[in-house]
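Student: Can you keep this structure in mind? I'll have questions shortly.
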Amino acid sequence: MIKDMIDSIEQFAQTQADFPVYDCLGERRTYGQLKRDSDSIAAFIDSLALLAKSPVLVFGAQTYDMLATFVALTKSGHAYIPVDVHSAPERILAIIEIAKPSLIIAIEEFPLTIEGISLVSLSEIESAKLAEMPYERTHSVKGDDNYYIIFTSGTTGQPKGVQISHDNLLSFTNWMIEDAAFDVPKQPQMLAQPPYSFDLSVMYWAPTLALGGTLFALPKELVADFKQLFTTIAQLPVGIWTSTPSFADMAMLSDDFCQAKMPALTHFYFDGEELTVSTARKLFERFPSAKIINAYGPTEATVALSAIEITREMVDNYTRLPIGYPKPDSPTYIIDEDGKELASGEQGEIIVTGPAVSKGYLNNPEKTAEAFFTFKGQPAYHTGDIGSLTEDNILLYGGRLDFQIKYAGYRIELEDVSQQLNQSPMVASAVAVPRYNKEHKVQNLLAYIVVKDGVKERFDRELELTKAIKASVKDHMMSYMMPSKFLYRDSLPLTPNGKIDIKTLINEVNNR
C-alpha cells in the first residue's frame, strides 16, 4: 500500500535510479531523471509565486515533459488540468473560463492568446531542467487537495471539471495494485496509449509509478498512421495493455496483433466503454493465454469502481459481460427513482460511495449538487447508469439512464453535440442520436438537421451541404463528437412539453 504518490516515485529514484520510467520508441528517461527534472520544474514553478493550491493547465501530448510537469506541479502543491493537443480551441477557452488557472504550461505550441494568464513554454521548462535546482517538498499536494482536474462533456455544451484529490487517487491506486483481478506485477511494463486528458490514462500511469515500472508512449505522429501504429506496437515489450475496447478492435485489424508476435503481452485492462462479448472472444482467439480485465466507473469515482477478470465461460454464457466486483472501500448500490436501495437482481441506478468519490465539479456548484450527495453517511455519486448486483456482488450493466453515451472510449453528452451543431450559421435545429449495434454498443453518431431557409438551394447535393456544415463547426467541436452521417428533415418531432423528442429519433435510427 502506498501513502503518497510522490514518495513512491522518490523511493524508486533512490533504489533504481537508472531504471526507465518512460520509453518512447527507445528514447528513455529514468526514475533518477524524473526526480531531478521534476524537482527543477517545481522550483521554477515556486519562483512564479502562484496562488497556493491554484490549478495549472498543462497543454500537450504523450510526452515525457508532460509527465515531469505533472509530477512537478504535485510537488509544488498545484492540481494540474491536462488538456490534449488535439482539443478544439473553443473547448480550451471553455476550460480556461471555468477553471481560471493561475498558469498555462504549453508543452506543445499553444493555439490561443489568453490575456491575464501567464504562459510558460516548453523552452522555459527545458531551461528549468538544465538548471538542476534542488527541491525540498514542504507544500506538496496531499489529503483532500486536488491532484488533477479532468474535464468531461457537459449537458449545456460547457465541459465539467472533475476534481480528483490525492486521497481519491490513493483509493484507486491501492485497490488496483492489490486487487487479484488486475494482478499487476512489480515493475509493470505498460502501454501508455489513452491521452492524459482522458482519465483512463490514470489506469496506466498510477500503478506504473507506484510499482516502479515503465510507460511505453507513442508519438502523436505515429498514432495518426494506422498501419505503422500497430506494426510498431507489436514490436514493443509491453506486458500490460490499457485502452478502450474500441482501440483493441482497431488493433485486431492488424495480423501482427497476436500472442505469437507479442509474447510479452499478458494482461488487457479495459475501461471507458462497454467491453462486448465479440471483442473479448476475438481477443481470446488472438491471445489464448492473456488475462482480460473488465473495469467500470465514471471519472467522478476516480477512473473505476469495479473490475473482474473475464473468463471464456463468461464469454460463452453472457450476452453483456459483467463489469466487476465493486472496490472494497467503495460500497456500490442500486437505487430506484425514489433513492431506495434495491435488492440483488433488481435493476435501477448504480451509485457509488466512499473515498474515491470526487468532491464535485470545479466552480460548478449547481451541477455538483445534482450529481453528488450523501448516502448512508458516505460521499456518493449518481452514475446515471442502469445496473444490478447479483447475489455474489457482481455488478451488471444495463445502459444509460439519460442521453449520455460512451463512444470510442469518450463520454459524450448528446445535448453537447447538438448544441455545437446548432452553432452553424446554416442550421436552424439539430439533434445528435446514437446508433447501436446488436451488442448494445454505440456504433456511430448521427445528426438530424433542419437547415435555415434558403440554405439547401445553395448546394447541388446533400453531401456538399454536410461538408459545409462540418467545416463551419469544426473549430468548436472535438473530432470524436462529429456525427458520421447527417439526416435532413423539414422539422423534428416534439414532446408535449415542446422539446425535441430525442427518444423517438433514437428509436427511428435503431428501428425499434
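The backbone N, Cα and C atoms fix where each Cβ goes, and this holds for glycine too.
Residues or ranges marked as ATP binding site by Swiss-Prot on the basis of sequence analysis: T152, S153, N294, A295, Y296, G297, P298, T299, D385, Y397, G398, G399, R400, K499. Residues annotated as D-alanine binding site in Swiss-Prot, with sequence analysis given as evidence: D199, V303, K499.
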Student: Among all protein chains shown, how many Cβ atoms are found within 10 Å of the Cβ of G398 (ATP binding site), not counting that one?
Tutor: 16
Student: What does DSSP assign V303 (D-alanine binding site), in three states?
Tutor: coil
Student: Would you mind checking how many other C-beta atoms are within 10 angstroms of the C-beta on R400 (ATP binding site)?
Tutor: 15
Student: Which residues of the same chain, at least 6 positions away in sequence, have a Cβ lying under 8 Å from the Cβ of N294 (ATP binding site)?
Tutor: F270, L275, A280, A307, I308, E309, I310, L321, P322, I323, G324
Student: Let me check the 10 A CB neighbour count of T152 (ATP binding site). How many other CB atoms are there?
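Tutor: So the number of other Cβ atoms within 10 Å of T152 (ATP binding site) is 21.
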Student: Could you measure between D385 (ATP binding site) and D199 (D-alanine binding site) for me? Cα positions, answer in whole angstrom.
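Tutor: Here the two Cα atoms lie 18 Å apart.
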Student: What is the one among the binding-site residues D199, D385 whose Cβ has the most other Cβ atoms less than or equal to 10 Å away?
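Tutor: Ranked by Cβ atoms within 10 Å, first place goes to D199.
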Student: Could you tell me which three-state DSSP class Y296 (ATP binding site) falls into?
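Tutor: The three-state answer is strand.
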Student: Taking only the Cα atoms, work out how far Y296 (ATP binding site) lies from D199 (D-alanine binding site), in Å, as a whole number.
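Tutor: About 12 Å separate the Cα atoms of these two residues.
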Student: Looking at the binding-site residues P298, G398, R400, which ones sit with their CA no more than 10 Å from the CA of D199 (D-alanine binding site)?
Tutor: P298
